[in-house]
Amino acid sequence: MAAGGGLSRSERKAAERVRRLREEQQRERLRQVSRILRKAAAERSAEEGRLLAESEDLVTELQGRSRRREGLKRRQEEVCDDPEELRRKVRELAGAVRSARHLVVYTGAGISTAASIPDYRGPNGVWTLLQKGRPVSAADLSEAEPTLTHMSITRLHEQKLVQHVVSQNCDGLHLRSGLPRTAISELHGNMYIEVCTSCIPNREYVRVFDVTERTALHRHLTGRTCHKCGTQLRDTIVHFGERGTLGQPLNWEAATEAASKADTILCLGSSLKVLKKYPRLWCMTKPPSRRPKLYIVNLQWTPKDDWAALKLHGKCDDVMQLLMNELGLEIPVYNRWQDPIFSLATPLRAGEEGSHSRKSLCRSREEAPPGDQSDPLASAPPILGGWFGRGCAKRAKRKKVA
């Protein structure tokens, strides 16, 4: 015993060795119990049966872990309604669309997978592949075009059946589908838009190329400057872990107002794992009877399934094709010559041509963008934007370190 009644150094070391030994014995017992539980009951020896009886707490813990793993696995599985069931559900959804006084659509990455832009949590999603240690790739994002779902939403808005669209997507495809900017809230930004935050109000620059080449988490300067004040421009992307503060294109004010007025919400292609964290979108302060009716289209489980009036297990394009048929509405075909981005875009100034190396959009696939001598139809390695690729790289690095 050391002076003053405390333990001596050798006594502390001995106590630490005893603690570590007990922990190792507990881990070994846990491994033994786990191996026994993997066997069928008829295959267990009498000694193994006694060990399980003496380790009720460990058995309970391991069985609980197994149930949780199975539950998570089931939630990640994609489920498809059979064709007849899906048609029945779409008829019900069509009735809800017709009778809605204020319908708001929430969209996620699942509506853009048909444009070869991967989602995040599907079987071939970004996070899913990274968790498995597999590489992530995507087609050049400048080649993506609005999907059948994007064009259907635009037609529904034209017909005043949809009042507002709230999107998590950064791909700019809602804007390019012809949806008015006042009708969109791009909560996580738009890869084609950079802004000057020194100008009041903020000055926006819509481009025909991905502006996020040099940007990443907490690094948003694009390398170009404002035509009016000369301040460095920044992208509009809200990365995971960031809080969006820009007025546009996030348009939170309109999203909140639309949600407060909504009597019906249609969620398309979103896991809702991020959107559920935005309480302003769900009117949870209202009594249950006054909350909007929720309709969800997704192949996987979502945390809002229990709140939904109807869950449709199907691909967004398939569901929207059936819905538009049921409503008797023709789906417009996307035409690059009519893409609004070309009339909204601000051209680069002299000397800015080398400020990016991304392929620019052009009205025709045969037409090479100014300064672009490459063959637009030639195959090229996939290019990931800063909003997309940098996040993938960070996740992969964390996975490798772990």
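Placed from the backbone N, Cα and C atoms, the Cβ positions cover glycine too.
Under the heading active site, proton acceptor, Swiss-Prot lists His188. His188 (active site, proton acceptor): 19 other CB atoms within 10 A of its CB, across all protein chains.
Sequence annotations record features per position, and here Swiss-Prot assigns NAD(+) binding site to 108-127, 168-171, 269-271, 298-300, Cys316 based on similarity to another entry. Reduced to three states, the DSSP call for Gly269 (NAD(+) binding site) is coil.
Look at Swiss-Prot and you will find 9-23 tagged as compositional bias 'Basic and acidic residues'.
Annotation comment: Swiss-Prot describes 392-402 as compositional bias 'Basic residues'.
What Swiss-Prot records for 83-330 is domain 'Deacetylase sirtuin-type', and it gives sequence analysis as the kind of evidence.
Per Swiss-Prot, omega-N-methylarginine is recorded for Arg390, and the stated evidence type is similarity to another entry.
Annotated asymmetric dimethylarginine per Swiss-Prot: Arg390, in sequence order, evidence recorded as similarity to another entry.
The feature region 'Disordered' is assigned by Swiss-Prot to 1-23 (among others).
As annotated by Swiss-Prot, region 'Disordered' applies to 355-402 (among others).
Comparing Gly108 (NAD(+) binding site) with His188 (active site, proton acceptor), their Cα atoms are 11 Å apart once rounded. The Cβ of Ser112 (NAD(+) binding site) has 26 neighbouring Cβ atoms from other residues within 10 Å, across all protein chains displayed. Listed in sequence order, the binding-site residues from Ser116, Gln168, Leu299 having a Cα within 10 Å of the Cα of His188 (active site, proton acceptor) are Gln168. Averaged over the domain 'Deacetylase sirtuin-type' (83-330), the predicted model has a pLDDT of 91.
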